[in-house]
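Chemist: One structure coming up, written as structure tokens, with questions to follow.
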Amino acid sequence: MSAILSLLIGLVVILAITAATAFFVAQEFAYMTVDRSRLGARAASGDAVAERTLSITKRTSFMLSGAQLGITVTGLLVGYVAEPLVGQAAGEMFGWAGVPQGTGILIGTILALALSTIVQMVFGELVPKNLAIARPEPVARALSLPTTIYLRLTGWLVWIFDQSSNLLLKALGIEPVHDVEHSASPRDLEHIVAESRRSGDLPDELSTLLDRIIDFPDRDVEHAMIPRSRVGVLQATDTLGQIRELMAREHSRYPVLDDDEQILGVVHLTDVLVSTGPDDTPATELVRPATIVPTVMLLPDALEQLNASGNQLACVVDEYGGLAGVVTLEDLAEEFVGEITDEHDPEPPPETLEESDGTWVLDGDVHVDEIERAIGHTLPDGDYETASGLLIATHGALPDEGDVIVVSIEPASVLASEDEQLELHAEVLEVDRHVPSLLRLTLATSSPPGTEPGATADPEATTEPEATTDPEATAEPGVTTGPEASQDEQEEQR
């Protein structure tokens, strides 16, 4: 009977030690994964448990040292308890079956260690770890009081071990960190938003809005401005009558330039409406001082300058002092929510439309970052802002209608092989003002060895002899169809 009693006592002690191990493991993972910002909000509202839990998370290194001390001690205790209690008792019970005492104790000890190891791993390590990761806040709150008591009782011992490890790190030239940084950089936020979008936790519209908000502080005025080629301007010699007719058809604000393209100011619709002068009054008598910003100014600074001046339009100048474009409050708002259409817009805003076959049709003035969001890949950096600028920079010349330009995409992983290299095939559908105005984009893998640069990965498209008969089509690297290629060749390449 003493053997059975010893066995039962040993099992109870093992279970108690396992529960203690589970406490320390859950403590370690819960306080490392709990959302501090949520705890801070609850603590600010008067939640005492949240305040106590938050105070533990502010001493990450100390808490982890205490948890590791507890896990180490309980792990050692299991070994000391399993052999004398469970192993000896099991050995005696094997002796009842005629097994020699020494052999029985050996078998019992092995079984006891195996049982205690399994129980420790499953119930002392894995279950509390997974529970703490799945429900960090409830677990952290539930453990806050016993954790506080434990750290106060063993704090002196934890401090000794903690300081010893810190001295060793300093001897190696490493400065110890006593708290884990829970703040996130803009790049971290981008990754969080991207992962949440891929997992389905964030809808596409919300993730795009968050992406734009994160990117806004790093964008310059050139990214948001309306370029000079699309800006309507007034000359110094324009008259009040002409301005009235123009504003009745188009916009309510216009920059005024002299013969040397110098900015004289801005004419507002309100000034035109209240003017009592004759129709031949020159524009120079109606101008207001213009808010002028450089192309390289960051958008938050431009927004601050517009708000300070009380103007809704700023003239953008380049490094040579010439008018590069204009930027309005609406343009800055569009950096967050996308294109805004109003009654003054003569045509629909640029869009990125995905077709059913996995291609995208878009205007040439769509920004590169919007293309990256649409295709899910990062495009090469360069001195350009729009899709047409990317194609011109890649092609090295002004492309013609029908040209297909190939843009190499950097692999997302350094482990990607050359065969997995992605390319963006951009077909120029329309040209306006000498630059691409309508494009069709297609993602494809890189060309197999021995094929022409930029050739389609479709084997049927690369085996036809007609695909290389036009020398103009293969003269430029990255161009698969030239302006004089036959219609059959272009259709085949598409």
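Glycine too: its Cβ is placed from the backbone N, Cα and C atoms.
So TrEMBL lists the following for this protein:
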type	residues	note
DOMAIN	3-206	domain 'CNNM transmembrane'
TRANSMEM	6-26	transmembrane segment
TRANSMEM	62-82	transmembrane segment
TRANSMEM	102-127	transmembrane segment
TRANSMEM	139-161	transmembrane segment
DOMAIN	225-284	domain 'CBS'
DOMAIN	286-343	domain 'CBS'
REGION	443-494	region 'Disordered'
Chemist: Apart from its near flanks, which chain residues at least 6 from the ends of the transmembrane segment (139-161) lie with a Cβ under 8 angstroms of it?
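Modeler: For the transmembrane segment (139-161), the nonlocal Cβ contacts are 23, 26-27, 30-31, 34, 39, 49-50, 52-53, 55-57, 62-63, 65-66, 69-70, 131-132.
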Chemist: Return the average pLDDT for the domain 'CBS' (225-284) as a whole number.
Modeler: 89
Chemist: Reported in the order helix, strand, coil, what are the DSSP residue counts of the domain 'CBS' (225-284)?
Modeler: 21 helix, 17 strand, 22 coil
Chemist: Within the domain 'CBS' (286-343), how many residues are helix, strand or coil going by DSSP?
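Modeler: Per DSSP, the residues of the domain 'CBS' (286-343) fall into 20 helix, 17 strand, 21 coil.
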